[in-house]
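A.B. asks: Have a look at this one before I ask anything.
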Amino acid sequence: MDQAKGSQKASVTPYEEVLDALSSLITKRSRADPSIKGDRFDLLFDYIKILDLEEPISKLKIIHVAGTKGKGSTCTFTEAILRNCGFHTGLFTSPHLIDIRERFRLDGMDICEEKFLAYFWWCYDRLKENTNDDVPMPTFFRFITLLAFKIFTAEQVDVAILEVGLGGRFDSTNVVQAPIVCGISSLGYDHMEILGNTIGEIAGEKAGIFKHGVPAFTVSQPDEAMRVLEEKASRLDVHLQVVPPLDANLLNGIKLGLEGEHQYLNAGLAVALCSTWLQRTGHLEVANLQQNSSLPEQFIRGLTTASLQGRAQIVPDQHIDIERSGDLVFYLDGAHSPESMEVCARWFSLAIKEDSQQQTLNYQPQDDTRSSNELIQRDFGGRSRKNSTQILLFNCMSVRDPQLLLPNLLKTCASHGVHFKKALLVPNISVYHKVGSHALSSTDSQVDLSWQFTIQRVWENLVQGKKGVDAQSMDAVCEEVKDDTELCVKNCANSAVFSSLPIAIKWLRDYVQQNQSIRFQVLVTGSIHLVGDVLKLAKK
């Protein structure tokens, strides 16, 4: 037994050692957990002193972005624009989908493993040596924020673009005292258990990133949110401007790199942030632009080549026979608020309409782009004669309300003539208290599926209600529906609960093999973690 343990330990790679150390910093399952020892905001300044980062951080030329929806996309556009202007960029975003190194990007690429390991242990060892009961080790997100500061200062980036993790006022990125410019993307209802129950309270938390005299930009917001933003800006002598969506005509006929109409809002905000950053840092050669008349070539290149995994991303299942790869396609979007669910539904409806009209799909993989696009294109002729079936693959965190998310999804899809044949409901593979590919939740029958059954009841009630069926008869309907594969735990007329995501994917793949006259278009949404898990499995 001891020998087996020893060989297991010996097989752990240096990278897995880092992931285990990172996992040890995750002290609670929920970010709303009230037991927040080590989460006092002022502790961040102690950590920065321990790491000797005070002066280096003060020299960073930072763009700081908060918001409910679109802040990751805004940061992605911003980084791509400034990189195409010739600057050495650092981008810190969250969450990651497959590998934690995605959160730290240098010049548009995930930080390499060698540098990541070196910077990680530099920070971790110093903090371990110098923390105590009064100043405990930082929690997970605080640590990776500190790590981002270490990486960007040591790599001497020209610009550091920081996406707020949660809220703004007490977010760990808000230790920044003097950013060059701040941005607030679209605001909506999310993380209400932490940020407040009204849009005004949420806006107040996000506006916590405003700094005295530092210009800020936002997009059109609900009236209550805008009032709060303006009041906070006025108090700090912040010149706050509302930016319109980018005019598509400025892109010379090229599409934005990120898919969806809502991205023009984020692109407009990114252009304002970049042009202000350029002006305030003295780069006047690129800064003199009028958005309403033309965009510099570097801006157009950045906006049209930006890429972000898990947002309006289309991926054919690579497990299926290559000649039939288009018969199972995943449409991935990490939407998890009522507003973003509506945007996601609109994107999905239009994307599958494009597919059926045999137009080019905007597939944005990490690698091998050409072969994947060719693979989709090559099979269009054969697939165009097949019927398409839409499936929903869904999960959301238990702090979110499926009764707010799912009606928006159903209603928006229905308005475009899209109706799901089945909703597949699964727990996430990734678990909150572990980091890394080896941190998988149990796939056996012991996994707690009570939350998935709750989502199933909401879905069945919504769909049965649309069909005029008494919602109370749902359980009887569930009992009547048999699943010959015996893979799902509870099969209803319009939904099925699976004990794990891999089992649900197997069910889909088997179904595709058995129904060769149909192609399956699977919308994966509700959780960015679910999207990441599906990406891992679809690319296997």
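Cβ coordinates are placed from backbone N, Cα and C, and glycine is handled just like the others.
TrEMBL entries are annotated by machine, without manual review.
So TrEMBL lists the following for this protein:
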BINDING   Ser94, Glu163, His191  Mg(2+) binding site
BINDING   Arg311, Asp333  ATP binding site
DOMAIN    65-231  domain 'Mur ligase central'
A.B. asks: Can you tell me how far the Cα of Arg311 (ATP binding site) sits from the Cα of Ser94 (Mg(2+) binding site), in Å?
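C.D. replies: Pair distance, Cα basis, whole Å: 13 Å.
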A.B. asks: For Asp333 (ATP binding site) and Ser94 (Mg(2+) binding site), determine the Cα separation and express it in whole Å.
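C.D. replies: Roughly 15 Å, rounded to the nearest whole number.
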A.B. asks: So how many other Cβ atoms are close to Asp333 (ATP binding site), meaning within 10 Å of its Cβ?
C.D. replies: 26
A.B. asks: For Glu163 (Mg(2+) binding site), which residues of its chain lie six or more apart in sequence with Cβ-Cβ distance below 8 Å?
C.D. replies: Val65, Lys71, Gly72, Cys75, Leu91, Phe92, Thr93, Ser94, Thr173
A.B. asks: What average pLDDT does the predicted model assign to the domain 'Mur ligase central' (65-231)?
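C.D. replies: Overall, the domain 'Mur ligase central' (65-231) comes to a mean pLDDT of 94.
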A.B. asks: Neighbour count, 10 Å Cβ-Cβ cut-off, for Arg311 (ATP binding site): what number do you get?
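C.D. replies: That number is 25.
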A.B. asks: Test of understanding: give the count of other CB atoms lying within 10 angstroms of the CB of Ser94 (Mg(2+) binding site).
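C.D. replies: There are 19 such Cβ atoms around Ser94 (Mg(2+) binding site).
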